[in-house]
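Residues or ranges marked as domain 'Cation efflux protein transmembrane' by TrEMBL: 13-206. Annotated domain 'Cation efflux protein cytoplasmic' per TrEMBL: 215-286, in sequence order. What TrEMBL lists as transmembrane segment is 12-32, 44-64, 76-95, 115-134, 154-175, 181-202.
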Amino acid sequence: MSNEYYRKVREVLVLILIINIAIGLVKIIYGYKAGVLSITADGYDSLLDAVSNIVGIVILLVSAKPSDKEHRYGHYKLETFASILISFTLFIVAYEIISSAFERFFVTTTPSISITTYLVMIITLIITLIAAYYEKSMAKKLHSNILLSDSEHIKSDALATFIIIISLVFVQLGYTILDPILSIGISLLIIKTGLTILYSNINILLDKNILSTYEIEDVVKDINEIKEVHNVRTRGTASTIFLDMHLVLSKDLSLADAHRLSHICEEKICEEYPEIKDVLIHIEPEEGMDDKIEYE
């Protein structure tokens, strides 16, 4: 991945970091002021998002280093580790919120909720939704796994904030038990988001296929003199893909012609999929097709 890619991803993360810190502090202050645990918990969740952003920025600085003698494929998987770290921070936040919620079951004080409380929550909700939309759109544009993971986290924050706003009405009517119950519900949503992020990034570490075998075959099947394509495998992230494949060619082709065809094939694939950074092609003579391995 280019330095330009890392620069743009860092810029997005810095902006989201500032938003998370601002929203988190506002929610915590008004949560304590109103005595509403769910608002305070939501604020701490936003601050932990900010910590994840900081970790992500630091890791991206390291990931931007070019490949070296010990890391010939580069340092791109550090971005995957950052995403996994985000998932574990979500689990920690969920645990803390659930612990506080169970303590609140034994508290009989009525929260002090005002128009200002509603305005604060509605404004933070709007800002959160805008931030989530922006980060997800940039994630798709840049093919950034860490931005996509973080945007999913922010979406869960927005849903939690919306639920809190609805619950404030019932709390004001005297149903204070809803505060800890909804706090636990928010925690479960946070856990679900963390598991989703963890699962998708573990698949990257396990080298799960990124692109469909059939999509790659369709790109090169019309090239003259290529008899068959098989054993197509891809791995990596959405923005950095490594591909290896087998080409079956006529046994009468010279080594130079086979080499030329492999380059034509590589150029066509990379033109269709610019996120593919490296293509390894194994050439087979036509009679060697009996040894091929099929991948579903």
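Glycine is treated like the rest: Cβ placed from N, Cα and C.
Put simply, of 12-32, 76-95, 115-134, 154-175, 181-202, the stretch with the most CB pairs closer than 8 A to the transmembrane segment (44-64) is 12-32. Below 8 angstroms of C-beta separation, residues 1, 44-45, 48, 51-52, 55-56, 59-60, 62-63, 144-146, 149-150, 153, 187-188, 190-191, 193-195, 197-198, 200-202, 204-205, 236-237, 239-240 of the same chain, each at least six residues beyond the ends of the transmembrane segment (76-95), sit close to that stretch. Within its own chain, the transmembrane segment (12-32) is flanked in space by residues 38-47, 49-50, 53-54, 56-57, 60, 116-117, 120-121, 124, 127-128, 131, 134-135, 138, 144, 146-147, 150, 154, which lie at least six positions past its ends and keep a Cβ under 8 Å from the stretch. Residues of the same chain lying 6 or more positions beyond the ends of the transmembrane segment (154-175) and with a Cβ under 8 Å from any Cβ of it are 16, 36, 38-39, 42, 45-46, 49, 110-111, 113, 117-118, 121-122, 124-125, 128-129, 131-132, 135-136, 182, 185-186, 189-190, 192-193. Per DSSP, the secondary structure of the domain 'Cation efflux protein cytoplasmic' (215-286) breaks down as 25 helix, 30 strand, 17 coil. If one looks beyond the transmembrane segment (115-134) by at least 6 residues along the same chain, the residues whose Cβ comes under 8 Å of a Cβ in the stretch are 12, 15-16, 19, 23, 26-27, 30, 34, 36, 39, 151, 154-155, 157-158, 161-162, 164-165, 168.
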